[in-house]
């Protein structure tokens, strides 16, 4: 009997940030939790995906272990009474629902930013961690590779991944365009609001820029983020020295008056161009700065227009994306149904092989080596032809949803319940 595929999901859709932060898991914690679940349940296949927007556990079992898994998650994160917050979790106990959900997550349909490009790699990491612990079996291997192939189709056949659909992504995308002809470009990020932090992380995840510097009035958080992203941190007191070195300045400073005034910028030695991307409201870069030679400023409206256009393209592509997903799920379900009859097919092959070997053993001593070899080949060929039709009929019955009756008939005819699934030598 093939176990049901299920999922427990805590995401931005139902759970506030403070809850998501508490249950978020790193690689070591994901692996530790998978081993806990394996020890306390009968599940054979497990996958845990944890990002800033979701923590999800996928598992195979005919039992509903959602309560147990939530409790084990609480133990892993040292959260007392996590089960009391079960209303924040979505439970997918039907295989069709869990499979569809993982497809939508892996493709980016369920992301807070539709078409999120990071999620594919995050899913790949989760799959790798599962495989590292031998907790990815035939079902999960096939499912994950089907999702990865589906993602390639979505990229090739739709506009779902085109452009940057968030302000932070659009900022990184624009930066790449502006600095494409500038070798070893220097980028300075000023301010650490929510957008500034997202920009830092997106630079780390999606670009090859090496010379990125961060500065902020309050150094504690910015030093930690700089360490997380592997970028340089400089004191805010040295701001203008850093600005002088930068080819691009990205500002998300919360300030009533512009931090970067025309007068201060005018003091800089501008040899060619210096770009400012101003993500602040009110603006932190003086609107008059563009009057200066070599100074080019992009404000939040420009960035927002880029992200809005990309988001509109992605939303328009969703019907096509859903069709591609459904095509893949149909194909996966056909394979999954065939998996249900695989044990019966193996047992039938084993039963026939036993009969063949027993009969051969009665006569082989009377034959020469050459004769024995020929008889062995002939009987193997006969067996393969005998078994071909039942196998084809079983697979056809799978597609019609009628395999159970045929399985029962074969079990009775050949006493398959007593046969092992593996063919013995």
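Each residue, glycine too, has its Cβ placed from N, Cα and C.
Because the structure is a prediction, the values reported are computed rather than measured.
Counting only same-chain residues at least 6 apart in sequence, those with a Cβ under 8 Å from the Cβ of residue 52 (active site, nucleophile) are 20, 24. If you look up Swiss-Prot, you'll see 52 marked as active site, nucleophile, on the strength of sequence analysis.
The annotation substrate binding site is assigned in Swiss-Prot to 51, 52, 53, 54, 111, 116, 117, 118, 122 on the grounds of sequence analysis. Around the Cβ of residue 51 (substrate binding site), 22 further Cβ atoms fall within 10 Å across all displayed protein chains.
Listed in sequence order, 214, 216, 218, 221, 222, 225, 252 are the same-chain residues six or more apart from residue 192 (NADP(+) binding site) with CB atoms under 8 A from its CB. In the three-state DSSP scheme, residue 192 (NADP(+) binding site) is classed as coil. According to Swiss-Prot, the feature NADP(+) binding site maps to 191, 192, 193, 194, 195, 196.
What Swiss-Prot lists as site 'Important for activity' is 101, and the listing cites sequence analysis. Sequence-distant neighbours of residue 101 (site 'Important for activity') (same chain, 6+ residues apart, CB-CB distance under 8 A): 7, 9, 92, 110.
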Sequence gap of 6 or more, Cβ distance under 8 Å: name the residues on the same chain that satisfy this around residue 191 (NADP(+) binding site), in order along the sequence.
216, 217, 251, 252, 253, 254, 280, 284
So if I measure Cβ to Cβ from residue 195 (NADP(+) binding site) and keep only same-chain residues at least 6 apart in sequence, which ones fall under 8 Å?
167, 168, 171, 252, 279
Remaining residues near the recorded substrate site, that is with C-beta within 8 Å of the centroid of the site residues 51, 52, 53, 54, 111, 116, 117, 118, 122
112, 113, 119
Inter-residue C-alpha distance, residue 53 (substrate binding site) and residue 193 (NADP(+) binding site) (nearest angstrom)
18
Other C-beta atoms within 10 angstroms of the C-beta of residue 111 (substrate binding site) total 21
Indicate whether residue 52 (active site, nucleophile) is helix, strand or coil by DSSP.
coil
